Structure formats: C-alpha cells, structure tokens
Amino acid sequence: MIPFLPMFSLLLLLIVNPINANNHYDKILAHSRIRGRDQGPNVCALQQILGTKKKYFSTCKNWYKKSICGQKTTVLYECCPGYMRMEGMKGCPAVLPIDHVYGTLGIVGATTTQRYSDASKLREEIEGKGSFTYFAPSNEAWDNLDSDIRRGLESNVNVELLNALHSHMINKRMLTKDLKNGMIIPSMYNNLGLFINHYPNGVVTVNCARIIHGNQIATNGVVHVIDRVLTQIGTSIQDFIEAEDDLSSFRAAAITSDILEALGRDGHFTLFAPTNEAFEKLPRGVLERIMGDKVASEALMKYHILNTLQCSESIMGGAVFETLEGNTIEIGCDGDSITVNGIKMVNKKDIVTNNGVIHLIDQVLIPDSAKQVIELAGKQQTTFTDLVAQLGLASALRPDGEYTLLAPVNNAFSDDTLSMDQRLLKLILQNHILKVKVGLNELYNGQILETIGGKQLRVFVYRTAVCIENSCMEKGSKQGRNGAIHIFREIIKPAEKSLHEKLKQDKRFSTFLSLLEAADLKELLTQPGDWTLFVPTNDAFKGMTSEEKEILIRDKNALQNIILYHLTPGVFIGKGFEPGVTNILKTTQGSKIFLKEVNDTLLVNELKSKESDIMTTNGVIHVVDKLLYPADTPVGNDQLLEILNKLIKYIQIKFVRGSTFKEIPVTVYTTKIITKVVEPKIKVIEGSLQPIIKTEGPTLTKVKIEGEPEFRLIKEGETITEVIHGEPIIKKYTKIIDGVPVEITEKETREERIITGPEIKYTRISTGGGETEETLKKLLQEEVTKVTKFIEGGDGHLFEDEEIKRLLQGDTPVRKLQANKKVQGSRRRLREGRSQ
C-alpha cells in the first residue's frame, strides 16, 4: 500500500496541474526546473536574497542580474514542489507522499498552522470529506504577526482563531493555474473576499500575501504556503481614508477634487496616499495654486491611483504603470522598500481593503499636468530656468496663459553667453519662449512658431529628429497645466540674413561668392526658399590663378554645374541626420551628394565639415574646405580638367574628350501670393440733418500657394514679375456727398442739374488723408456758390490734385454728366446730399 501512495500522488499532480503556458507561476517554475536539471531530476533553482530567508523561483532577468530589488542573491537548489530526495540518489527522484490537508501541513513544514488547526477543532474538518484550498501561513509568518493580535487569537481558539483560519480557506481545490489575476474568491469565513493577483513575474498573492510554496496536493484539496497571516478586511479605500487621522490633508484634497467617493466603489485600485507630513513639505503657494484649480487638483489626486492592484511582494524590479491621471509612474524596490519614480517614500505598505491596496508615502506626487510650465524643467535645464527667473521672464508666464519653453540643456550655455549684457541675454531667452502651447505631436516640417519676443522660428522634422532652427531636440518633452517644454541641445539662433547676405558678410567665402555671382546665381540665394548650401572657404581655391578663374568663369555651363552641385533643395540640419548612416540628397545640379553624421561632425562626400548649421532666412550653410564636384560628371576640356585637378584631389575626375556640361535652367524659387482687393461698399442712411455714414473697408483675400519649389526656364525677352513680400498696404477713404443719393449702374446715364434761386447748394467732400486735407476743410467751411463733382473710376479721390489746387485758387471746376459713360464696378454707390 505504501509504494502505491507516491505513484498515486505523482499521477494526481500531473492530472490536476498540467503545465500551462499562460500560467505565469508554472512558466517560471518550468524555467527554474531547467536551470536546476544539472543537479538531478526534479531539482529547481531558486534565488535567495542574502541575509534574508526570502526565496524566489528565478526569472531570466533576475537570474542574470544576480539580484532582486537591488540586493545580491545566492542560488539554491531545492526539490521542485511535489518531489523529495532519496538517500544515495541524485536530485529529487521521489514524489512526496499524499495525505489529507491536515497531514499535508506537516509535510510542507507549516507546523504552526497545523498546531492551530488542531487547537481550534479545525482538524476534524480538514481531515474529513470535502475539497479545500488552504492558504497556510509559514511558521515565520506567525512569528512576524503582531504579538497582541496573536495573543488574542490564542486566547479564544474556538471562535477567533477558528474564524481566522477559516478566512484562509476556500471550499474547493484551486491550484495556482486556477488563481487568475483580479479574482475575488469568497473565503470560508462569512464569505469574506480573498483578492487574488497572479503577476507576469510568476508571483501569486492572496490579499498581498505571497505564495512561497504552492500546489501541495492533498487527498481532499491543496495547500499553498504563504509568507504572512491574512487579516480580515471589510472596509473600502474611502473608509480607510475617512478614518485615518494621518490622512486628513489627503482626505481634504480628495473631497475638493471629487475623488474620494470614487475610492469607495468596487475595483482593484492601488493608492499611494501621502501623509499629512508629505503635504507639509509642499510650498504653500504651490499647494494653494493646485487646490484652487479644479483641473490641476483632480490631476494631482488621480496621479496617486493605479487601476491595478500592486502588492509590494509582486515588485521585484522597476516597472512602469499608468495612473488614473493618464501619465505613468515607475514602481520599483530597494531591498524591503518600495520606490516611486526611483525614490524611497513608502512608510507603510500593503494596507489591504475590499477594493484595493494602500501604500502610505511621505511625499506628494505632482504630475506634469498639474505643474506650471516653468516647473516642468528638470535638473539638466536649471541654467535656463534660473536665467528666466533672474531676468524677470518667469513672472511674465501667467498661470492662465499658455506657453512653450524651448529649454537648452545646461552645457549649451557657454561662459561667453553667461557673461553677456543682461539685456542681450534676455533677448536670447525670449527666443526660447513661444506664445502658445505646442506639444511634440503637434510639430510638423515647415511650421512657423512665434516667440514672445516677436521672432519667427522654423520647424524641421527628420526621420529621427525634430529641430527648431539650428538646434535639435532631446528626449524629455512634457506638457503642463499652462504649457509645454521641449529640451534642446543648443541655444536656438533665429536667422536674420539670407544666404547671399551671409556669404557677402563672411570674407571666408569671397571667392565662392564671386564665382556664384559670375554664374548668374545671385538671385537664387536672395529669393525666399528652403535651401542647403555647402560653401567652400577661400582655402579651397588656393593655387588658382586669376587667369584660371577667368577660364572657369567663361564656361558658364561648367561653372553653373559646379556651383549648383553645392546646393540642394530643403533645409537639412547636421544634427538632424541619423548618426552613423549615409544620407543621400539630390542637388540642384542633378547629381547626388552623400552626408553622414559621425561623432558630432558632418561628413560631406566623406569630407569633414569645418562648421555646420549656419542658419539663414532661406536655408542653412555648411562650411567645407574643399570644392565639391559630382563624381559622375565627366570633363571634356583639357584646360578645365587641369584647373579642377588642381583644386580637387579627393576624387578622380573623369575625362571624356568632347563632352560638354548640360545646360541647367536658371531657377527661381518663389512663393506665389495672389492678392484680391474688393472695392469698399458705400451706404447712405437718410433721416437726419447730419448724414450717418457707414463705410465698409476694403476686403483683402490673401492666397498662399505652398508646395515644392517651382523651376522654370527664363526665356530671352520674357518679363519677370517680382513678388513683393510682406502685407499689402491698403489706404482707406470715405466719400460723403450731401444731397439726394443717386445710384450709378452700368448703363447709359443722362442727368442735368439746374440750380435756380438764391438757394445755396454745395457738395461736401471728405478724404482719408493727404497734404491738402486741412486746406480743403477750410474751403468747405466758406460760402460756396456751387460745387459739382462727378465721381469717375474708383481711385477713392473726389478731385485730382491739380483740380484741388485750382479750387483753392478760387476757380470752381464744373463737370457735366456725360452720356454713354460707364462706371466701373456694379456695386459702387454715389451718395449726394444737400445742405443749406
């Protein structure tokens, strides 16, 4: 009979507990079995934290790190659950004998629980008929229980102790594979719920007590050994907060933000609850601002709550969790302490309630969404924020406004920059503050952003980088209550001059500029556009005589091909390139140019750039010390080949006798602007001695056609219309004519005006400005026998200058209405009035 029991228990274990790939506990156990197989059959490798009795089936991560929660571990080899050693044999070749639940408690070493089961008269129940799951506290768990609680249980074994043990039991067999994450299982004491959590790292907890020895099969159930004694729970998180004096500040904040009631509902929450001491650490102004802002206070409260139940024993390393606020926090461990965002702050852990678990912390967690934009800066942006505060810009960032900070890292500020005149430094900082809130996902290539200083900054988006002007972003963008912050590698320098102006300003580029102008390409670099120009310094032309330069200039096609190979459409910032890989661009000449960013240096056709990212209003300049030449373009002229070979030694220039350079059309990059001006409408409202005049100003419709640069050939004799950039200037005039309104339409009009009797009639004229305005007003205040003016055209003036001068000299110009005269614009109305 005895040999049959081990065989029977092995068969039963295989039937009721097959390995399930979706069962995290079994999966980790299988890994531990594999790591221990060199020690013999059915041996599992465990990691034990040095200086403690805590043991874990190892995960891959912890196994190779040789640490858990930052503490070193040692490897133990033990029999896997359900097996035992035999004297003289390697490994664990025998299965444990099977017994009823009471007997199994002794087999697994839970002798204190076994003794208490006997004392409370529970033994008869768990030896008899039925099927039970017993979460049995280990002997160490009983030793760690509060002494007063333990004495209370021992003094009333028939009621208190029995009830406590029943609260550790389920009236059916449930193996670890059956214990699903988030389950609430009624216990055998008043159906009080047992909260089950089954974590991806293989940890299984019951009311936050970890199963340290699971799946010990019994004839009438199963025993799981746990690392602590379960306490009865019946209150919610809300109930605990309302009853706990040390959470009065948190309670007040939760009530203000309408969060407290939500913590009384069903769920599986984790609350990191700041104590009163934690709130006292906050600057009063910060706390008052947040609590006075409903959105910010709600965000603050929700940032302390997870929608999952995270027991301390489940945390074996850093992991990121999403809060109810929407942002994430990192929960980790350092020895026996829980860390939040890398900081030890948990004073008391694993306060289990009927809808979650509470960890008390000594710091208030403030999410970015509750912070002012200046508070979003981290340790690497303190130079920027300190300067913003010192120069008075921080006070200008109103809590009710919205801004974006483009914050350079600390090492972007050189000693020369910091020693600048404060007025100049303030202007530089203003270039790093935008008037609006712009998140990272709202930025796009070609976007124009306006700073609080009135400067316009351009956005460039590349495969692996986002840049604004000359500086590219680093990771760390955040959004706060009244703005966003983006981190930049360098100080942003807005462009002030065009490509041509930059070349003209810098004497290093005088030779290249003279060749560019000789090739009739000056206009290209003065027009608005987006270009990348690779500019050779004068050193690139050392050794070239004036005669050789003249030869080069005489062959305009060759010169244009060479110059345009240095120019490519689009703005490409050096730091915007993906490091270490070749970026291929097509030049305006048509051939390809190869760029690579290596060790913060831009390589152009494998030549090191001497200086990069010189920003201009219509592009960017990268400086090289060699003349560039397209390797796929042959030369067919001996003289030209000799000159080029003299200047270019890093490639072998092809020579094909008789070959000529292709003609490249002179290109103009323009932005088309169509401006439509609608004539003003004039309305007359009668019924008073003084006419009521309503003037509707000109309507301006501005259409901007965006897209790729337009290239076209300028033919000889063709008229080129220059687009003038900037806002059109519209002069506004008001015409007032007293008398009877006469509507002018597009048809033949005949009208005679006869003035009889002593009645004085005159036409009142008002203009929108001009040097004769005051004199004209004076004239109209004097007695005038008769003034008649027919309005022709639509220029907005009643009289020409010469007519006004004659009028001032005493002449009275009179013009008769002419037949067959069509008035321009069917919507024009003439207003005449009469004044006596």
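Placed from the backbone N, Cα and C atoms, the Cβ positions cover glycine too.
Positions annotated as disulfide bond by Swiss-Prot, on the basis of experimental evidence: Cys44-Cys80 (among others). Taken residue by residue with DSSP, Cys44 (disulfide bond) is part of a strand.
Cys333 (disulfide bond) has a Cβ environment of 22 other Cβ atoms inside 10 Å. Look at Swiss-Prot and you will find Cys69-Cys333 (among others) tagged as disulfide bond.
Positions annotated as disulfide bond by Swiss-Prot, on the basis of experimental evidence: Cys79-Cys92 (among others). When secondary structure is read from DSSP and collapsed to three states, Cys79 (disulfide bond) falls in the strand class. Taking a C-beta cut-off of under 8 angstroms and a sequence separation of 6 or more, Cys79 (disulfide bond) has the following same-chain neighbours: Asn42, Val43, Cys44, Arg85, Cys92.
Long-range neighbours of Cys311 (disulfide bond) (same chain, six or more residues apart, CB within less than 8 Å of its CB): Asn197, Thr205, Cys208, Arg210, Asp350, Val357. As annotated by Swiss-Prot, disulfide bond applies to Cys208-Cys311 (among others).
Annotation comment: Swiss-Prot describes Cys467-Cys472 (among others) as disulfide bond. DSSP assigns Cys472 (disulfide bond) to a strand in the three-state reduction. Cβ neighbour count for Cys472 (disulfide bond) (all protein chains, 10 Å cutoff from its Cβ): 21.
Among the features that Swiss-Prot reports, domain 'EMI' is placed at 40-94, with the record citing sequence analysis.
Look at Swiss-Prot and you will find 97-230 tagged as domain 'FAS1 1'. Residue counts for the domain 'FAS1 1' (97-230) by DSSP state, with H, G and I taken as helix and E and B as strand, are 49 helix, 36 strand, 49 coil.
According to Swiss-Prot, the domain 'FAS1 2' annotation covers 234-365.
Taken from Swiss-Prot, the feature domain 'FAS1 3' applies to 368-492. Helix first, then strand, then coil: DSSP counts for the domain 'FAS1 3' (368-492) stand at 41 helix, 36 strand, 48 coil.
When the domain 'FAS1 4' (496-628) is classified with DSSP, helix, strand and coil residues number 49 helix, 39 strand, 45 coil. The annotation domain 'FAS1 4' is assigned in Swiss-Prot to 496-628.
As annotated by Swiss-Prot, N-linked glycosylation site applies to Asn599, with the evidence given as experimental evidence.
Cys60 (S-cysteinyl cysteine) falls within a helix when secondary structure is assigned with DSSP. Contacts of Cys60 (S-cysteinyl cysteine) defined by a Cβ separation under 8 A and a same-chain sequence distance of 6+ are given as His31, in order along the sequence. The S-cysteinyl cysteine annotation in Swiss-Prot covers Cys60.
According to Swiss-Prot, the signal peptide annotation covers 1-21, on the basis of sequence analysis.
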Given the recorded positions Cys80, Cys467, Cys472, Asn599, which one's Cα is the least distant from that of Cys333 (disulfide bond)?
Cys80
How big is the Cα-to-Cα gap, in Å, between Cys467 (disulfide bond) and Asn599 (N-linked glycosylation site)?
18
Number of helical, extended and coil residues in the domain 'FAS1 2' (234-365), per DSSP:
48 helix, 40 strand, 44 coil
Fewest other Cβ within 10 angstroms of its own Cβ, chosen from the recorded positions Cys44, Cys80, Cys208, Cys467, Asn599:
Asn599
Hey, how far is Cys472 (disulfide bond) from Cys80 (disulfide bond), Cα to Cα, in Å?
55
